[in-house]
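Features of the protein shown, as given by Swiss-Prot:
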{"type": "BINDING", "residues": "His78, His80, His247, Asp322", "note": "Fe(3+) binding site"}
{"type": "BINDING", "residues": "His78, His80, His247, Asp322", "note": "Zn(2+) binding site"}
{"type": "BINDING", "residues": "Arg87, Tyr150, His183, Glu250, Ser327", "note": "4-imidazolone-5-propanoate binding site"}
{"type": "BINDING", "residues": "Tyr150, Asn324, Gly326", "note": "N-formimidoyl-L-glutamate binding site"}
Amino acid sequence: MLDTLLINIGQLLTMDQEDGLLRREAMNTLPVIENGAVGIENGVVTFVGTAEEAKGLQAKEVIDCDGKMVSPGLVDPHTHLVFGGSRENEIALKLQGVPYLEILEQGGGILSTVNATKQASKEELVQKAKFHLDRMLSFGVTTVEAKSGYGLDDETEWKQLEATAQLQKEHSIDLVSTFLGAHAVPKEYKGRSKEFLQWMLDLLPEMKEKQLAEFVDIFCETGVFSVEESKEFLLKAKELGFDVKIHADEIDPLGGAEAAAEIGAASADHLVGASDKGIEMLANSNTVATLLPGTTFYLNKESFARGRKMIDEGVAVALATDFNPGSCPTENIQLIMSIAMLKLKMTPEEVWNAVTVNSSYAINRGDVAGKIRVGRKADLVLWDAYNYAYVPYHYGVSHVNTVWKNGNIAYTRGEQSWSTATI
């Protein structure tokens with residue numbers, strides 16, 4: 001007997017069309033079962049099909065979804081989850097046109113977050129991050145990548161990674177930990193970036209032994225770390241057994257996209273300034289392009305990543321919030337879906353694949369997350385919508401009704417008035 005059987009699902013988005021990264025037309029294809037049903041037993045999906053096919057199945061609990069839509073739990077593959085403080089005091093300065101470097105000189109910017117993170121205890125960081133994870137869950141996210149990077153010293157970086165490890169044990173969301181010690185060059189290492197990177201590399205063996213990080217990341221940008229420094233750093237991290245990511249070409253076409261493809265990074269993230277050559281190299285690689293349009297939006301920039309061109313040329317594109325206190329303070333992945341549709345010219349189908357299948361591969365979870373398939377853990381979302389296009393269309397709010405994590409209800413909004421949109 002099943003533990004739970006979901007029936008009368010108007011649209012069941014299984015996302016289960018093929019294994020591996022989705023590109024081109026596959027990104028614009030959604031496997032949808034009309035009038036679907038899903039069976040769950042011991043936290044695992046044991047049945048996926050139509051309501052007609054589900055007849056005769058018995059379950060301890062039968063949930064009538066009343067024609068609403070069900071999808072896999074969403075995957076957010078790029079966040080800066082663990083940090084201290086906030087930076088709302090900088091908004092007025094930005095609106096006045098105060099340059100970021102001047103804000104830094106006043107103790108603001110990333111330095112403000114670094115100082116707040118250093119001053120916070122691990123438990124304070126954990127409790128703050130739990131609040132943000134709860135919000136992510138309420139938006140339908142069940143798997144999250146979490147970066148360090150607000151320490152710029154060994155003690156605080158360890159504290160962030162240990163906080164992430166504790167959160168993995170205490171929160172229902174699955175976390176994937178990334179070491180981003182190379183987020184910026186500390187003042188004391190100004191002009192000595194290679195020495196700083198060596199210091200960060202020296203931390204990796206113990207980090208690997210304690211299993212505190214799965215990925216290593218670096219911020220490759222003008223005035224931070226060069227392409228050659230980034231490649232050398234990440235290749236050494238790979239030699240130590242880590243998978244790697246790269247903050248690439250966020251502002252300038254520095255060659256970060258090319259570097260990511262060349263070294264076989266799991267993902268290249270941002271890519272607003274990615275060159276045509278970089279896009280071509282990504283298309284011919286297994287590196288996921290993780291685009292962060294919420295950051296461009298919040299920074300009030302006019303130029304967004306060329307998501308349409310990337311998809312048309314065969315790049316596997318994912319979407320993420322880039323949740324962080326400075327350049328994208330939002331946990332709302334649904335808002336990111338809407339911005340991607342409007343500003344990156346992605347179709348609703350492409351947007352859904354970018355927050356499920358491709359985003360799972362960006363963090364090496366393609367075999368466990370992002371799809372509804374028999375044998376996989378039951379991470380499911382019941383939406384207050386009748387069709388998938390309605391979610392990114394009706395922007396700025398959450399359409400989530402209920403979230404199941406490993407077959408258990410992890411979030412429910414309860415009885416609400418909801419859309420009567422039809423296809």
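Every residue gets a Cβ built from N, Cα and C, even glycine.
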Would you identify the secondary structure of His247 (Fe(3+) binding site) according to DSSP, in three states?
strand
Nearest to Tyr150 (4-imidazolone-5-propanoate binding site) in three-dimensional space, by Cα, is which of the binding-site residues His78, His80, His247, Asp322, Gly326?
His80
To the nearest whole angstrom, state the Cα distance for the pair His78 (Fe(3+) binding site) and Gly326 (N-formimidoyl-L-glutamate binding site).
14
Among all the protein chains here, how many other CB atoms are within 10 A of the CB of Glu250 (4-imidazolone-5-propanoate binding site)?
25
Among Arg87, His183, Asn324, Gly326, which are recorded as binding-site residues, the nearest neighbour of His247 (Fe(3+) binding site) by Cα:
His183
Most isolated by CB count within 10 A, of the binding-site residues Arg87, His183, is Arg87
Asn324, Ser327: which of these binding-site residues has the sparsest Cβ neighbourhood within 10 Å?
Ser327
For Arg87 (4-imidazolone-5-propanoate binding site), which of these binding-site residues sit within 10 Å, Cα to Cα: His80, Asp322, Gly326?
Gly326
Please list, in sequence order, every residue of the chain apart from His78, His80, His247, Asp322 whose Cβ lies within 8 Å of the Cβ centroid of the Zn(2+) site.
Thr79, Lys147, Asp269, His270, Leu292, Thr295, Ala320, Phe323, Asn324, Cys328
Just checking, which of His78, His80, Tyr150, Asp322 (binding-site residues) has the fewest C-beta atoms within 10 Å of its C-beta?
His80
Rounded Cα distance in angstrom between Ser327 (4-imidazolone-5-propanoate binding site) and His80 (Fe(3+) binding site) is 11
By Cα-Cα distance, the member of binding-site residues His183, Glu250, Asn324, Gly326 nearest His80 (Fe(3+) binding site)
Asn324
Distance, His183 (4-imidazolone-5-propanoate binding site) to Gly326 (N-formimidoyl-L-glutamate binding site) (CA atoms, angstrom):
13
Which residues, same chain and not among Tyr150, Asn324, Gly326, have a CB within 8 angstroms of the centroid of the CB atoms at the recorded N-formimidoyl-L-glutamate site?
His80, Phe83, Arg87, Ile110, Thr113, Gly149, Pro325, Ser327
